[in-house]
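**Q** What Swiss-Prot shows for this protein is this:
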- Thr11, Ser12, Ser13, Thr264, Gly321, Gln325, Gly426: ATP binding site (BINDING)
- Thr11, Arg15, Thr264, Gly321, Gly426, Asn430: ADP binding site (BINDING)
- Thr11, Arg81, Glu82, Tyr133, Asp242: sn-glycerol 3-phosphate binding site (BINDING)
- Arg81, Glu82, Tyr133, Asp242, Gln243: glycerol binding site (BINDING)
Amino acid sequence: MTYLLALDQGTSSSRSIVFDEHGRIVAQAQLELPQIYPRPGWVEHDPLEIWRSQLATARAALAKAGIAANAVRAVGIANQRETTVLWNRKTGQPVHHAIVWQDRRAEPACAQLREQGHAGAIQAKTGLLIDAYFSGSKLQWLLDHVPGAREAAERGELAFGTVDSWLIWKLTHGQRHLTDVSNAARTMLLNVHTNQWDDDLLALLRIPRALMPEVLPSSADFGDTAADLLGHGIRIGGVAGDQQSALFGQACFTAGMAKNTYGTGCFMLMHLGARFQTSDNGLLTTSAAQLAPKPGAGSGQAEPALAQRAYAMEGSVFIGGAVVQWLRDGLRAITSSAGIEALAHSVPDAGGVMMVPAFTGLGAPYWKPEARGSITGLTRGSTLAHIARAALESIAYQSAALLQAMGRDAVAAGGAPVSELRVDGGACINDLLMQFQADLLGIPVLRPAVIETTALGAAYLAGLSSDLYHSTDELAQLWRAERRFEPRLDRARAQELMAHWEHAVRQATAR
């Protein structure tokens, strides 16, 4: 049997999973990762703790699997995106805590860029909106606020990377300073048409090019792990940002296929194929995981400009499963997150109650930072069960709004709306939520047999570059649905419910 090791470095934990060649989980290990909150709106990680926890889980997963490192064909890395690390090339020590993707400290600099009229040019090159979410503005802040950082960067003494780059650096004992196109595309510094760092964007944010890692396709040779770390050197063969990795792990390889990850928030991606398309409906365009060129197509897989182009439309919901956490921890309405399904199931519907969980504003496709959470439609007959059901349904409403926006963009480009939605993430195990999602969308919702699709995507990318697999067609044959939720609701009723939702959104933003 041949094995693959996936490192899944997330915001709240570091995990490692050993997969067999059929994409089945053999063993896994996980450690929580603490977040640091220096002041309101600021979120940081200790980069050394990211590294220590990830290495520890990799060793633990191999031990649980009962295999030696030389039985592993390749390592794949999936990581939280946008989180920014800056370190000293000589010592390998970070010069500051990592600035996490949720961190908003760079918003004033982003507002200045918008006021200066750069939004159109940046979106045309990167597919992104100007926002503190993305790495470029975080890196600019570090260079401007860490004493001596800008001068050291200009002397070539520092290295920048998203979490994947940091892990590759540590895994190879500083021999490789690399990233992949899907992570690079989240920096607001990569021209996604050329897969190269854009000199104009670097100059605009005053970022020395010497800081930047080399960009490779997502399935490529990222070097070998140092032999002393895992007991044997293993090729790092696949790297992707977590959401693009999940899209790959869901076997969404062709235009029009889509997945939604139901976690603390929700992340929906629709594959665009090789066609770059900006959204007219509040969505982002980003690079999907990209493969090395086919034989004869170029000079080698280390040339990102020659990668097989693949793009995705993306929308993010700020509050998904977090609304259940709020019911548990904030209202103490339930004792465990798992208890919400039984409570919601105790009533046939939400009884006209509508919840808009805009605790931190509304993300795509609305982009209403001023929105605040609301519960409407309450009557004397409303119960805690109705509120619980409305909270659960709010996740589906927000996701439906995303998919409808994607459908409008797809049709405008001459394509067709999404015909099925593949789902993953912790909340996808909730049958009531998945059925209501299918009812709202009017298309099947498919839950895979392996819901750890983020790690699986990284493993598949590593397997392709190491010739364990030979094509995405082969991977598509491995994908299996554990359950298929067919829509049961009359379409007129579904449209009526969505109209009620949009009315509730307008109320939540009427400030």
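Each Cβ is built from the backbone N, Cα and C atoms, and glycine gets one as well.
In the displayed structure, how are the listed features positioned relative to their neighbours?
**A** Long-range neighbours of Thr11 (ATP binding site) (same chain, six or more residues apart, CB within less than 8 Å of its CB): Leu33, Gln35, Gln80, Thr83, Val100, Trp101, Gln102.
Remark: Gly426 (ATP binding site) has Tyr262, Gly263, Gly321 as non-local neighbours, by Cβ distance under 8 Å and separation of at least 6 in sequence. A helical conformation is recorded for Gly426 (ATP binding site) in the three-state DSSP classification.
All protein chains included, Glu82 (sn-glycerol 3-phosphate binding site) registers 25 other Cβ atoms within 10 Å of its own Cβ. The DSSP secondary structure for Glu82 (sn-glycerol 3-phosphate binding site) is coil.
In sequence order, Asp8, Gly10, Ala78, Asn79, Gln80, Arg81, Thr454 are the residues of the chain that are 6 or more apart from Asp242 (sn-glycerol 3-phosphate binding site) and have a CB within less than 8 Å of its CB.
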**Q** Compute the C-alpha separation of Ser12 (ATP binding site) from Gln243 (glycerol binding site), stating it in Å without decimals.
**A** 15
**Q** Can you name every residue in this chain, apart from Thr11, Ser12, Ser13, Thr264, Gly321, Gln325, Gly426, with its Cβ inside 8 Å of the center of the Cβ atoms of the recorded ATP site?
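**A** The surrounding set, listed in chain order, is Gly10, Gly263, Ala322.
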**Q** Of the binding-site residues Glu82, Gln243, Gln325, which one sits closest to Arg15 (ADP binding site) when you measure Cα to Cα?
**A** Gln243
**Q** Here are the binding-site residues: Gln243, Gln325. Which has the lowest count of other Cβ atoms within 10 Å?
**A** Gln325
**Q** Counting Cβ atoms within 10 Å across all protein chains shown, which of the binding-site residues Arg15, Arg81 comes out on top?
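**A** Of the binding-site residues Arg15, Arg81, the most buried by Cβ count within 10 Å is Arg81.
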**Q** Using Cα coordinates, what distance in whole Å links Gln325 (ATP binding site) and Tyr133 (sn-glycerol 3-phosphate binding site)?
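**A** Taking the Cα atoms only, Gln325 (ATP binding site) lies 23 Å from Tyr133 (sn-glycerol 3-phosphate binding site).
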